[in-house]
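Undergrad: I have a structure I would like to understand better, so I am pasting it below and will then ask my questions one at a time.
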Amino acid sequence: MTTATGRSAGTGADEKPEHSADRTRRFGPGTPLRAAAGFALAAIVLFAVAPLVLGDFRLNLLAKYLCLAIVAVGIGLAWGRGGMLALGQGVFFGLGGYAMAMHLKLADAGPGNLPDFMQLYGQIDKLPWWWEPFANPVFALAATVLLPVFVAFLLGSLVFRRRVRGAYFAILSQALAAALAIYLIGEQGTTGGTNGLTDIQGFFGFRLDDPLNQRAVYFIIAACLLLMLALVRQLMHSRYGELLVAVRDAEERVRFLGYDPANVKLVAYMVAAGMAGLAGALFVPAVGIISPALIGVVPSIEFVIGVALGGRATLIGPVLGAIAVAWAKTTLSEQFPAAWTYLQGLLFVIFLAFLPNGLASVAGLVRRRRPAPADRKAAQPKSVPLTAETGGAGQ
Amino acid sequence: MSTQKPAGLRIRDLRVVFDGFAAVDGVDIDVSPGDVRFIIGPNGAGKTTLVDAVTGLVKATGSAAFDGQELLGRKVHHITRLGIGRTFQTAAVFEELTVLQNLDIAAGTNRGLLTLLRRRKSVPDSVAQAMETIGLTSARDRLAGTLAHGQKQWLEIGMLLVQDAKLLLLDEPVAGMSQDERDTTGELLGMLSEDRTVVVIEHDMDFLRRYARTVTVMHAGRILSEGSVAEVQADLKVQEVYLGHAKATSQALVQEV
Ligand SMILES: Nc1ncnc2c1ncn2[C@@H]1O[C@H](COP(=O)(O)OP(=O)(O)OP(=O)(O)O)[C@@H](O)[C@H]1O
Ligand SMILES: [Mg+2]
């Protein structure tokens, strides 16, 4: 039975149950304890520190950044874990945002009335049929997530089965983002055109110009971010998460184990789309607008840049990266509007070239330089561990 | 189990054409259940392409059936689910996953969505057993990418074990292995073949003599000779082809005659 046992790796014979694999790992990266501590810390920062330290204006900015971070969490899953360079998340962000904004515009206008911009452009005297269901709050809320998920399902089913991968997938995603933006601009009478849906007053009965309500919106967004992080963490550490990494690294090989990689990728892609949709929906009450400029090619790329910066295969990296990029954009683009675009491109190139696993991998690099005594015997991973922040998956 | 159907692997007039070049050019092969069939032949003979065709990786015409089920025209993962497993000429494991994770994925083809979305709470028995068999129990939490070449090959064999394939197609499983590692692999092969049908592509003649039950010799996309080890070695056509192509191999063959 044990033909090759003698020749196995010299890491010492330890046949322990799954969870006590390594004493040093009990509080190491990736353990539930470490994760719980991380979530607690994040919750304290988001729910206590930030609201205390930041004024209304800055807290509102942070709310906007957190929306972008939610998109990034999804991209981290699809790209970092699934290898799908989702360069068109603006589409899903936009679908979620418009779904929410349509409902809020209808609610602002009141039953039976047309939203203000439709009256303004004056070519319509009846609400377009596809606007009507969005008057229903339940439908609209569900649509903010389900509509992007459904579109991702259609697109993913087509694309992944045809084995469109890599650059082609990225370009296709971009094209879609461009197409949606162009469509929205063209349909000014029913979509608000270039301006988008603006001047949103209320949020399910609450006035958005009230700072207190704005704070409430911030808290909702922060809670959603934590929830999405928990969801993605669960996915990463589940058997599905392991399978997803396997598909990312050797899609063909997975087929020979009897799986259809298209389905595996589809799930991650749909989850990422749902998150982008949710983020778009939350963006609307936080910022008060959704427009083609927020969902087209450029914002789609910016979503990804943040993720690349932070570390795409990690849990927290995309969040930090997205917030950092959004913050830098706000700060720098005010002072050097022209320079920002170039700086952004430069950052992207530098990070992909020198730190392909993002800022989050710096911690891993430092750790590796001084290995813990218990780790010294074990072989070091050839490349970056699956998760810099969350450690080896599947512990 | 339907006992009426013809069991084993049955290939008829198999043809694989790449841009007008027939890499496999009308091959008939029968491998009966429980056999350990070695396929040998010079480089470029079409051995790997034959396995690729059977496992759905390349398009082929003709017929290839296992236990009466036609394989050609099906998708790779459907073919796998019929109980056909393979390894690759260069070890193909998931380098960024641990040994345990590699095996667990291989064992999990039939898991439902709910199981997939949860963590692995314990090591499945089949996985633990396979790890023991391939001698990687103590390397359980190592990333597969850090394993030695031989260990990777064993991990692949372990994946076939937990996959519970009934027909195994191994593409040069001992290439690049030391003598010790070859012996170990041979033992593994013996175990595998106890209740499975095994097809091995191999250049190593010593390995072939020790573990083959039957041999098929391919050359330029066709079957050159077939039979027991002794029969094939005595075949003059085989000697001729090997003299023209690979000296070392031919000597190994002729020595025995
Ligand atoms: N995808 C492909 N496209 C074009 N030609 C191919 C392709 N795959 C294989 N070939 C050609 O088909 C022929 C058979 O290749 P194959 O890999 O099956 O040989 P082999 O018997 O496995 O050789 P080796 O012992 O070197 O592994 C070779 O001439 C090869 O160049
Ligand atoms: Mg070959």
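Each residue, glycine too, has its Cβ placed from N, Cα and C.
These numbers come from a predicted model, not from an experiment.
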Undergrad: Please identify the range among A:189-211, A:373-395 that TrEMBL labels region 'Disordered'.
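TA: That would be A:373-395, per the region 'Disordered' entry in TrEMBL.
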Undergrad: So which range, A:86-104, A:238-256, gets flagged transmembrane segment in TrEMBL?
TA: A:86-104
Undergrad: Give the nonlocal contacts of the transmembrane segment (A:61-79) in its own chain as ranges (CB under 8 Å, at least six residues past its ends).
TA: 46, 50, 54, 85-86, 89, 93, 214, 217-218, 221-222, 224-225, 228-229, 232, 235-236, 244, 268-269, 271-276, 278-280, 282-283, 286-287, 302-304, 306-307, 310, 312-315, 317-319, 321-323, 325-327, 330
Undergrad: Please give the sequence-distant neighbours of the transmembrane segment (A:303-328): residues at least 6 beyond its ends with Cβ less than 8 Å from one of its Cβ atoms.
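TA: Same-chain contacts beyond the flanks: 38, 64-66, 68-69, 71-73, 75-76, 79-81, 85-87, 89-90, 93, 225, 229, 232-233, 236, 276, 340, 343-344, 347-348, 351-352, 357-361, 384, 386-390.
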Undergrad: Does the structure show the transmembrane segment (A:216-232) and the transmembrane segment (A:33-55) touching, where I'm treating 3 or more Cβ pairs under 8 angstroms (sequence separation 6 or more) as a contact?
TA: yes
Undergrad: Using Cβ atoms and a strict cutoff of less than 8 Å, what residues sit near the transmembrane segment (A:340-366) while being 6 or more residues removed from its termini?
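TA: 302, 305, 307-314, 316-317, 320-321, 325, 328-329, 332-333, 384-385, 388-389.
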Undergrad: Counting Cβ pairs closer than 8 Å, which of A:33-55, A:138-160, A:266-291 has the most of them with the transmembrane segment (A:86-104)?
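TA: By Cβ pairs under 8 Å, A:266-291 leads among A:33-55, A:138-160, A:266-291.
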